[in-house]
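Enquirer: Just dropping this structure here.
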Amino acid sequence: MPSSTIAEKKERLPVLVEKPIPLEFDMGNLCAFDTNPLDPTTYSSSLEECLNNAARDCAQALINQVLTTLPMKSAFDGVYAELPDPVTPLPREKPLPKAKEPTKWELFAKKKGIKAKTKDGKLVYDEEKGEWVPKWGYKGKNKDDEGDWIVEVDGKKERERGEDRNPRALSREERKDRIKKNERQMKKNEKRAVVGGKSLAIRNGRVGKR
Amino acid sequence: MIRTLKPRNARSKRALEAREPKLVENQKNTLFLSGTSTSDLTRSAMTDIHSLKKPNAIKFTKKNSIHPFEDAAPLEFFSSKNDTSFLVFASHSKKRPHNLTFARTFDHRILDMLELGIDESTFRPLTFFKTSKPGIGMKPLLSFSGAIFDSIPNYQLFKSMFLDFFRGETVDSINVEGLQYMIHFSAPESTEQNPTPTIHMRVHMIKTLKSGQKLPRVEVEEMGPRMDFKIRRVQEPDEAMMKEALKKPRALEARSKKNIETDIIGDKIGRIHTGKQDFGKMQSRKMKGLKRRPTDDADEEMTLVDEDEDNSAKKARLA
């Protein structure tokens, strides 16, 4: 480089940082690591000036790094620099999330090779009424037998449950029992999941007030 | 027994879910606590660090009878209650005046702790410097000057801790005008007389001046707080816990794509495999003269003529 341009640059205030050991950067964290030692003479004589110079050099180097190496994108509210992923290894706050524990049924289905049924909607065609009705819930198809004024008595079932039970209520009771059974199974699965992959927030109890 | 808690409504369910471990983590929150006795200086230092950390910080005002290096259980309790993985604990005693303890947790258990003594004579609060201050929640520039941050374990821990503490949110892109301030940590080399040198923390506003060149000239102006730290007691991270904490999620790793490469210059090169080309079927330029005649005789004649020409050419070359 010709000497005239160097003189010109010095006049113009230098914008490049020249250090014996080049600085390292972690642009994901906007961080510079300057491993050059602080100047021992100015450090002992005028500390603040020494630190100020070191800080200025770091700031200049960082800004240069942002403006020269990072891809820029302009938006309506300014120019954006796209940051790479951070490289300095820093600890996480919480462990990696665990995969959801499979339920007992899912385990069994996998063992037996049972594929999940395709969902074919909530509605089903009722031929008697000639319209589409929900499979369960309000006016659901699964409650069809419950309002019958005459019911067939299953001798075997009646012996099991005792003869004093109202045979007309049997259908509803059975349905309610199925719901309860399902809830029991759900709770069991949840318990198994908690013991397996302890969910932190739940383990620690209530959400505290700030 | 493990107490399971079922959220009663959607709001508490969301609050619980926000605390669950995540693949891409949120910014770490900080809790500021004070011990049974504190000094004006530590309180002021804590206020200043709190204002740099806002809005991802909570500050408690009541006194707490906690001794982090003797029993860290209360800190773990506060960490899990408030979902903060950074704790800053201020204390002041005759033995350890103007003390700040920085603790980091993993899974709401103490990962590492660093006790720092603030130098009384050089401390200057944020309000001492009459300059403009950065907006709340701005991502700072960070810098560490001195080889000591790479060589001595306690100083390595300091670097890791403070980089983690001040780095703010991990973002894809940042507005260049948002680069407003820089936090600078520096320490001289350790010598025989002074094996544990002071760490200087200085916070500067950044000013960019026109330099007449493409890059701007950067100047710094101190905005405070100004703190000089001496490292006191340290609790190194447990190796197994640190290993667990440094795990990277598999799902976030970029899958290498087949046949796409980037060379040293940064150009993307793709390889495409095509089947073997059949030149016989290839359509070349159509010309009337090259049209195939319907009769076979004509074709034969043509080839004969060609051969004759070839032969004569060879003869000519030989002669």
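Using the three backbone atoms N, Cα and C, a Cβ is placed for every residue, glycine included.
Look at TrEMBL and you will find B:1-20, B:275-319 tagged as region 'Disordered'. Sequence annotations record features per position, and here TrEMBL assigns compositional bias 'Basic residues' to B:1-13, B:283-292. The domain 'Brix' annotation in TrEMBL covers B:28-240. Per TrEMBL, compositional bias 'Acidic residues' is recorded for B:297-310.
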Enquirer: Quick one: mean pLDDT on the domain 'Brix' (B:28-240)?
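Expert: PLDDT averaged over the stretch: 93.
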Enquirer: For the region 'Disordered' (B:1-20), give me same-chain residues lying six or more residues beyond its boundaries with a C-beta closer than 8 angstroms to one of its C-beta atoms, as numbers and ranges.
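Expert: Residues 26, 83.
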Enquirer: Tally the residues of the compositional bias 'Basic residues' (B:283-292) by DSSP class, grouping H, G and I as helix, E and B as strand, and everything else as coil.
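Expert: Reading the DSSP string over the compositional bias 'Basic residues' (B:283-292) gives 3 helix, 0 strand, 7 coil.
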Enquirer: Counting each residue once, how many in the region 'Disordered' (B:1-20) are helix, strand and coil under DSSP?
Expert: 10 helix, 0 strand, 10 coil
